[in-house]
Amino acid sequence: MDFPSRFEVIVIGGGHAGTEAALASARMGVKTLLLTHNVETLGHMSCNPAIGGIGKSHLVKEIDALGGAMALATDKSGIQFRVLNNRKGPAVRATRAQADRAIYKAVVREILENQPNLWIFQQSCDDLIVEQDQVKGVVTQMGLRFFADSVVLTTGTFLGGLIHIGLQNHSGGRAGDPPSIALAHRMRELPLRVGRLKTGTPPRIDGRSVDFSVMTEQPGDTPIPVMSFMGNAAMHPRQVSCWITHTNARTHEIIASNLDRSPMYSGVIEGVGPRYCPSIEDKIHRFADKESHQVFIEPEGLTTHELYPNGISTSLPFDVQLELVRSIRGMENAHIVRPGYAIEYDYFDPRDLKYSLETKVIGGLFFAGQINGTTGYEEAGAQGLLAGTNAALRAQGRESWCPRRDEAYIGVLVDDLITLGTQEPYRMFTSRAEYRLILREDNADLRLTEKGRELGLIDDQRWAAFCAKRDGIEREEQRLKSTWVRPNTPQGQAVVDKFGTPLSHEYSLLNLLARPEVDYAGLIEATGGEQIDPQVAEQVEIKTKYAGYIDRQQDEIARLRASEDTCLPVDIDYTSISGLSKEIQGKLGQTRPQTLGQASRIPGVTPAAISLLLIHLKKRGAGRELEQSA
């Protein structure tokens, strides 16, 4: 049976990638269908109840700058907020929030249900309709066919999902949800490289059975940070503390003596797990010299006693889980509400994707999230937004878009994936970005919101707020530049008294602010200026203090951009380019980079090879000009 009306974009999956993809497409005015196996789990946080962190909050802020839902949903559900790396420079500062799992999901669903141009339908997708290497629609579990020329797949851990607890395993997309088996078989028929990855989650604990008095309390920050550029602290629900405890020698002994019952170490699990979020058995094995590991006890919400013990993800048998949990200080009488488990699932080599996240072999088929080999809500949401945007652009007959590495962490994420691929779940860090001084979480809106407005992602309310902030920054910079402080005046003496810095001649306030010992708030206090929007003040201070470094980075970007953006023809024959080694010819032929910049980042492709490619392109261009003139 065919559904009575046609859509322009269909999104499969209602997790963090799927919701952002569907919302982005619909915001752009495109008729969009979100197909989910269960409406009740839209926006569900399958693993830890937290958003943000090092590198990850940069992605959340970029999603927000492009009109996405994740940051606002976090502000409305966050029960603890902290700024990490607060004593370090602004490039690596990161906001992290504990979220009430139930509130977060409810907020996401409310946003979805109130989004114009978006339809939601509950059914699993079992098949894709593909004709002449072009996607035409999808077929659901009950045989209902939906038609659209663009489909975004955001299957998470559901594609061929297999759950492991000890040496026992069963099919599942996550605990309590069925896997996508029929779709997994269908996807393996396509000419795409497929692999298996693994992730895991810890047992959940009943908070009433925990002794917090022997743990270290970890409260949130004051004043309370916000995640969204449109957010404010008044949105936050009641704030609570997290708690810290540690594993010990007894814990490690329990785990080590039961590794033969671990599916990871007995060869039952084939998929590779996340390097930067290892299971507790992996930690004990890899870091055998460590006497203890931190365990962060995180509340799951305000209306539940469930706790998430971050740091002891495990797939050991239940009896071992119970023993190891009860060996930890403060959890001697702990009751496990849900056992921990590992899950294996299919993913597809992201090198088979374009920058738009459209597959190279099936027109109109886009991938986002864990299907591309990433891990994390934030990485999924960022890909979902980009895939949904490009699916909508395709429906509108417009050029696809992806930010460059020097424009956004989203650009770094996508470029890493489609150029290098991944053999393990990919996680974002600030260290992955070459230009992190200009890719800060605090300026994501200044980098991306104008582009978002051009694409059709930004509504009038957000645009007005952005313009007010942008104009406010410009006005304040001009005011500081044109306001002078002279020695031996009341203002000059106030500056000397405040900062202990003598004034040898007159200075503009902007010159003074550039000094390392001078802060914006203190300068305004000393010189009698008016207090302004804190976001505006923050941008003015950072831009002024880091102006020299930022200018150098911008110059470097400008130098590299000419060759970076040089397009490589789709039909280029690398075997015909003399001077390229067979190895490099093979790597270029396999990856099929879209630009010279992308080619330069393929492991093993040397600067000399890039020079040969550039010469070849110039010769090819000159040859075509001669043909045309003849």
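Each position is counted from 1, following the chain as shown.
Every residue, even glycine, has its Cβ placed from backbone N, Cα and C.
The feature FAD binding site is assigned by Swiss-Prot to Gly13, Gly14, Gly15, His16, Ala17, Gly18. According to Swiss-Prot, the feature NAD(+) binding site maps to 273-287.
This view paints the features noted in Swiss-Prot onto the structure.
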| residue | record | CB count, 10 Å |
| --- | --- | --- |
| Gly13 | FAD binding site | 32 |
| Gly14 | FAD binding site | 28 |
| Gly15 | FAD binding site | 30 |
| His16 | FAD binding site | 34 |
| Gly273 | NAD(+) binding site | 21 |
| Arg275 | NAD(+) binding site | 14 |
| Ser279 | NAD(+) binding site | 26 |
| Glu281 | NAD(+) binding site | 27 |
| Lys283 | NAD(+) binding site | 18 |
| His285 | NAD(+) binding site | 17 |
Candidate with sparsest Cβ neighbourhood (10 Å radius) among Ala17, Cys277, the listed binding-site residues: Cys277
Count of other CB atoms lying within 10 Å of the CB belonging to Phe287 (NAD(+) binding site): 12
Nonlocal neighbours by CB distance (under 8 Å) for Gly18 (FAD binding site), same chain, sequence gap 6 or more: Val11, Ile12, Leu34, Thr36, Val152, Thr154, Ala368, Gly369, Gly384
For Glu281 (NAD(+) binding site): DSSP state (helix, strand, coil): helix
Cβ-based neighbourhood (8 Å from the centroid) of the FAD site, residues Gly13, Gly14, Gly15, His16, Ala17, Gly18 excluded: Val11, Thr19, Glu20, Ala21, Thr36, Thr154, Gly156, Ala368, Gly369, Ala380, Gly384
When distances run from the Cα of Gly13 (FAD binding site) to each of the binding-site residues Gly273, Glu281, Phe287, the nearest one: Gly273
DSSP state at Gly14 (FAD binding site), helix/strand/coil: coil
